[in-house]
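Asker: This is the feature table in TrEMBL:
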type	residues	note
TRANSMEM	6-24	transmembrane segment
TRANSMEM	44-62	transmembrane segment
TRANSMEM	68-91	transmembrane segment
TRANSMEM	103-124	transmembrane segment
TRANSMEM	130-152	transmembrane segment
TRANSMEM	164-185	transmembrane segment
TRANSMEM	191-212	transmembrane segment
Amino acid sequence: MSSTDTASTAIGIIGNITAVLLFLSPAPTFFEIWRKKSSGSYSGVPYVSSLANCLLWVFYGLPILTQGLVLVITINGFGVVLESIYLAIFVPFSHGRERMRMLVFIAVVLIVYAIIVILTLEVLPNGKKAMFVGIIAAVINTVMYAAPLAVMKHVITTKNVESMPFLLSLCTFINSCLWAIYGILKVDPYIIIPNVLGVIFGIMQLVLYGYYRDYDTRVVPIDVDDSMTSHRKKKEVTSV
(Lines of atoms letter the chains of each structure in order from A and count residues from 1; the text may use other names and numbers.)
(Lines give C-alpha, C1' and ligand atoms only; values in the text may rest on other atoms or scores of the structure.)
Protein backbone atom coordinates (compact mmCIF):
# COMPACT_ATOMS: atom_id res chain seq x y z
CA MET A 1 0.00 0.00 0.00
CA SER A 2 1.44 3.38 -1.02
CA SER A 3 1.68 6.37 1.31
CA THR A 4 -1.14 8.04 -0.62
CA ASP A 5 -3.39 5.01 -0.10
CA THR A 6 -2.52 4.96 3.60
CA ALA A 7 -3.29 8.68 3.94
CA SER A 8 -6.58 8.40 2.06
CA THR A 9 -7.63 5.45 4.23
CA ALA A 10 -6.83 7.35 7.42
CA ILE A 11 -8.69 10.45 6.22
CA GLY A 12 -11.61 8.31 5.07
CA ILE A 13 -11.90 6.60 8.48
CA ILE A 14 -11.94 9.95 10.27
CA GLY A 15 -14.44 11.22 7.69
CA ASN A 16 -16.62 8.19 8.41
CA ILE A 17 -16.61 9.03 12.12
CA THR A 18 -17.65 12.65 11.57
CA ALA A 19 -20.27 11.56 9.02
CA VAL A 20 -21.73 9.11 11.57
CA LEU A 21 -22.09 12.00 14.02
CA LEU A 22 -23.89 14.03 11.35
CA PHE A 23 -26.21 11.13 10.52
CA LEU A 24 -27.00 10.69 14.21
CA SER A 25 -27.63 14.39 14.88
CA PRO A 26 -31.39 14.21 14.02
CA ALA A 27 -31.90 11.28 16.45
CA PRO A 28 -33.30 13.50 19.27
CA THR A 29 -35.88 14.87 16.81
CA PHE A 30 -37.09 11.37 15.96
CA PHE A 31 -37.14 10.37 19.61
CA GLU A 32 -39.44 13.33 20.17
CA ILE A 33 -41.65 12.27 17.22
CA TRP A 34 -41.81 8.75 18.63
CA ARG A 35 -42.64 10.03 22.13
CA LYS A 36 -45.40 12.37 20.93
CA LYS A 37 -46.66 9.94 18.26
CA SER A 38 -46.76 12.84 15.84
CA SER A 39 -44.37 14.39 13.29
CA GLY A 40 -45.70 17.81 14.26
CA SER A 41 -44.32 20.63 12.14
CA TYR A 42 -41.17 18.73 11.15
CA SER A 43 -40.46 18.09 7.47
CA GLY A 44 -39.40 14.67 6.24
CA VAL A 45 -38.05 15.96 2.93
CA PRO A 46 -34.40 16.35 4.11
CA TYR A 47 -34.32 12.70 5.16
CA VAL A 48 -35.69 11.44 1.84
CA SER A 49 -33.11 13.62 0.08
CA SER A 50 -30.36 12.23 2.29
CA LEU A 51 -31.55 8.68 1.54
CA ALA A 52 -31.35 9.39 -2.21
CA ASN A 53 -27.87 10.86 -1.79
CA CYS A 54 -26.60 7.86 0.19
CA LEU A 55 -28.10 5.35 -2.27
CA LEU A 56 -26.30 7.01 -5.17
CA TRP A 57 -22.94 7.11 -3.38
CA VAL A 58 -23.23 3.44 -2.41
CA PHE A 59 -23.87 2.60 -6.06
CA TYR A 60 -21.02 4.86 -7.24
CA GLY A 61 -18.58 3.22 -4.82
CA LEU A 62 -19.29 -0.34 -5.92
CA PRO A 63 -16.36 -2.12 -7.65
CA ILE A 64 -18.46 -2.56 -10.80
CA LEU A 65 -18.16 1.23 -11.28
CA THR A 66 -15.12 2.42 -9.33
CA GLN A 67 -12.26 0.87 -7.39
CA GLY A 68 -10.92 1.54 -3.89
CA LEU A 69 -13.92 3.37 -2.43
CA VAL A 70 -14.85 0.92 0.31
CA LEU A 71 -15.08 3.73 2.88
CA VAL A 72 -17.55 5.58 0.65
CA ILE A 73 -19.71 2.46 0.52
CA THR A 74 -19.58 1.81 4.28
CA ILE A 75 -20.54 5.28 5.47
CA ASN A 76 -23.26 5.75 2.87
CA GLY A 77 -24.53 2.24 3.53
CA PHE A 78 -24.84 3.26 7.19
CA GLY A 79 -26.65 6.40 6.01
CA VAL A 80 -29.12 4.34 3.95
CA VAL A 81 -29.98 2.21 7.00
CA LEU A 82 -30.30 5.18 9.37
CA GLU A 83 -32.33 7.37 7.00
CA SER A 84 -34.63 4.40 6.36
CA ILE A 85 -35.17 4.06 10.13
CA TYR A 86 -35.88 7.79 10.41
CA LEU A 87 -38.47 7.58 7.62
CA ALA A 88 -39.99 4.42 9.11
CA ILE A 89 -40.64 6.50 12.24
CA PHE A 90 -41.64 9.71 10.47
CA VAL A 91 -44.18 8.43 7.93
CA PRO A 92 -46.50 6.50 10.31
CA PHE A 93 -46.64 9.49 12.64
CA SER A 94 -47.33 12.04 9.90
CA HIS A 95 -50.91 12.82 8.99
CA GLY A 96 -53.17 13.49 6.02
CA ARG A 97 -51.53 15.18 3.06
CA GLU A 98 -48.10 15.16 4.68
CA ARG A 99 -48.11 11.34 4.90
CA MET A 100 -49.26 11.00 1.29
CA ARG A 101 -46.68 13.56 0.15
CA MET A 102 -43.91 11.64 1.91
CA LEU A 103 -44.99 8.30 0.44
CA VAL A 104 -45.06 9.80 -3.04
CA PHE A 105 -41.66 11.41 -2.54
CA ILE A 106 -40.13 8.13 -1.32
CA ALA A 107 -41.68 6.21 -4.23
CA VAL A 108 -40.31 8.74 -6.74
CA VAL A 109 -36.82 8.52 -5.24
CA LEU A 110 -36.81 4.72 -5.37
CA ILE A 111 -38.19 4.59 -8.92
CA VAL A 112 -35.69 7.16 -10.21
CA TYR A 113 -32.88 5.32 -8.42
CA ALA A 114 -33.95 2.04 -10.05
CA ILE A 115 -33.98 3.73 -13.46
CA ILE A 116 -30.48 5.12 -12.88
CA VAL A 117 -29.18 1.68 -11.87
CA ILE A 118 -30.76 -0.08 -14.87
CA LEU A 119 -29.66 2.62 -17.30
CA THR A 120 -26.11 2.53 -15.93
CA LEU A 121 -25.72 -1.25 -15.97
CA GLU A 122 -27.65 -2.13 -19.10
CA VAL A 123 -27.41 0.85 -21.46
CA LEU A 124 -24.31 2.95 -20.90
CA PRO A 125 -20.87 1.81 -22.13
CA ASN A 126 -18.30 0.90 -19.49
CA GLY A 127 -16.36 4.14 -19.93
CA LYS A 128 -19.41 6.25 -19.12
CA LYS A 129 -20.96 4.37 -16.19
CA ALA A 130 -18.97 5.90 -13.31
CA MET A 131 -19.11 9.37 -14.84
CA PHE A 132 -22.90 9.24 -15.20
CA VAL A 133 -23.54 8.15 -11.61
CA GLY A 134 -20.77 10.39 -10.24
CA ILE A 135 -22.21 13.52 -11.85
CA ILE A 136 -25.71 12.83 -10.50
CA ALA A 137 -24.36 12.06 -7.01
CA ALA A 138 -22.19 15.20 -7.02
CA VAL A 139 -25.13 17.41 -8.06
CA ILE A 140 -27.41 16.03 -5.35
CA ASN A 141 -24.63 16.30 -2.76
CA THR A 142 -24.01 19.92 -3.76
CA VAL A 143 -27.72 20.74 -3.45
CA MET A 144 -27.75 19.23 0.04
CA TYR A 145 -24.72 21.27 1.08
CA ALA A 146 -26.38 24.40 -0.33
CA ALA A 147 -29.63 23.76 1.57
CA PRO A 148 -28.46 25.75 4.66
CA LEU A 149 -28.31 28.90 2.49
CA ALA A 150 -31.98 29.48 3.39
CA VAL A 151 -31.08 29.20 7.08
CA MET A 152 -28.17 31.59 6.58
CA LYS A 153 -30.52 34.12 4.99
CA HIS A 154 -32.81 33.76 8.01
CA VAL A 155 -29.87 34.36 10.36
CA ILE A 156 -28.91 37.54 8.50
CA THR A 157 -32.51 38.77 8.49
CA THR A 158 -33.25 38.04 12.15
CA LYS A 159 -29.68 38.56 13.38
CA ASN A 160 -30.19 35.44 15.50
CA VAL A 161 -28.22 32.17 15.27
CA GLU A 162 -30.67 29.88 17.09
CA SER A 163 -31.76 28.28 13.80
CA MET A 164 -28.13 27.42 12.91
CA PRO A 165 -26.57 25.25 15.67
CA PHE A 166 -22.84 25.79 16.01
CA LEU A 167 -21.89 22.12 16.51
CA LEU A 168 -23.84 21.04 13.44
CA SER A 169 -22.19 23.74 11.32
CA LEU A 170 -18.76 22.83 12.68
CA CYS A 171 -19.23 19.09 12.07
CA THR A 172 -20.49 19.77 8.55
CA PHE A 173 -17.42 21.92 7.84
CA ILE A 174 -14.98 19.33 9.24
CA ASN A 175 -16.72 16.49 7.40
CA SER A 176 -16.56 18.42 4.10
CA CYS A 177 -12.86 19.16 4.63
CA LEU A 178 -12.05 15.51 5.28
CA TRP A 179 -13.96 14.19 2.28
CA ALA A 180 -12.54 16.92 0.03
CA ILE A 181 -9.03 15.78 1.04
CA TYR A 182 -10.06 12.15 0.54
CA GLY A 183 -11.32 13.00 -2.96
CA ILE A 184 -8.07 14.80 -3.77
CA LEU A 185 -5.99 11.83 -2.63
CA LYS A 186 -8.19 9.51 -4.69
CA VAL A 187 -8.12 11.98 -7.62
CA ASP A 188 -11.91 11.75 -7.84
CA PRO A 189 -13.55 14.97 -9.07
CA TYR A 190 -17.06 13.74 -8.18
CA ILE A 191 -16.03 13.57 -4.51
CA ILE A 192 -13.86 16.70 -4.63
CA ILE A 193 -16.29 19.22 -6.16
CA PRO A 194 -19.32 18.88 -3.83
CA ASN A 195 -17.14 18.69 -0.73
CA VAL A 196 -15.06 21.74 -1.66
CA LEU A 197 -18.37 23.59 -2.05
CA GLY A 198 -19.37 22.12 1.32
CA VAL A 199 -16.20 23.60 2.84
CA ILE A 200 -17.11 27.02 1.40
CA PHE A 201 -20.69 26.85 2.69
CA GLY A 202 -19.37 25.62 6.06
CA ILE A 203 -16.99 28.57 6.35
CA MET A 204 -19.87 30.93 5.52
CA GLN A 205 -22.00 29.40 8.27
CA LEU A 206 -19.21 29.62 10.86
CA VAL A 207 -18.44 33.24 9.94
CA LEU A 208 -22.12 34.15 10.26
CA TYR A 209 -22.34 32.36 13.60
CA GLY A 210 -19.27 34.20 14.90
CA TYR A 211 -20.62 37.58 13.75
CA TYR A 212 -24.21 37.24 14.98
CA ARG A 213 -23.59 35.15 18.11
CA ASP A 214 -23.32 38.18 20.43
CA TYR A 215 -25.09 40.63 18.15
CA ASP A 216 -27.78 41.56 20.73
CA THR A 217 -25.16 42.46 23.33
CA ARG A 218 -23.11 44.52 20.88
CA VAL A 219 -26.04 46.53 19.52
CA VAL A 220 -27.84 48.19 22.45
CA PRO A 221 -30.95 50.17 21.44
CA ILE A 222 -31.09 53.80 22.60
CA ASP A 223 -34.03 54.59 24.84
CA VAL A 224 -35.54 57.88 23.64
CA ASP A 225 -36.86 58.82 27.09
CA ASP A 226 -33.48 58.16 28.72
CA SER A 227 -31.80 60.23 26.03
CA MET A 228 -34.16 63.21 26.57
CA THR A 229 -33.80 62.95 30.35
CA SER A 230 -30.04 62.94 30.04
CA HIS A 231 -30.22 65.99 27.75
CA ARG A 232 -32.41 67.91 30.27
CA LYS A 233 -30.06 67.09 33.12
CA LYS A 234 -27.16 68.36 31.07
CA LYS A 235 -28.98 71.68 30.47
CA GLU A 236 -29.75 72.04 34.18
CA VAL A 237 -26.13 71.55 35.12
CA THR A 238 -25.08 74.05 32.46
CA SER A 239 -27.56 76.68 33.69
CA VAL A 240 -26.26 76.40 37.27
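Placement of Cβ uses the backbone N, Cα and C atoms for every residue, glycine included.
Curation does not apply to TrEMBL; its annotations are automatic.
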Asker: Quick test of the contact rule: Cβ under 8 Å, at least six residues beyond the ends. What residues does that give for the transmembrane segment (44-62)?
Answerer: 26, 69-70, 72-73, 76-77, 79-80, 83-84, 86-87, 90-91, 94, 98, 102, 105-106, 109, 112-113, 116-117, 120, 130, 133-134, 136-137, 140-141, 143-144, 147, 190
Asker: With CB pairs under 8 Å as the measure, which of the listed stretches 68-91, 130-152, 164-185, 191-212 comes out on top against the transmembrane segment (6-24)?
Answerer: 164-185
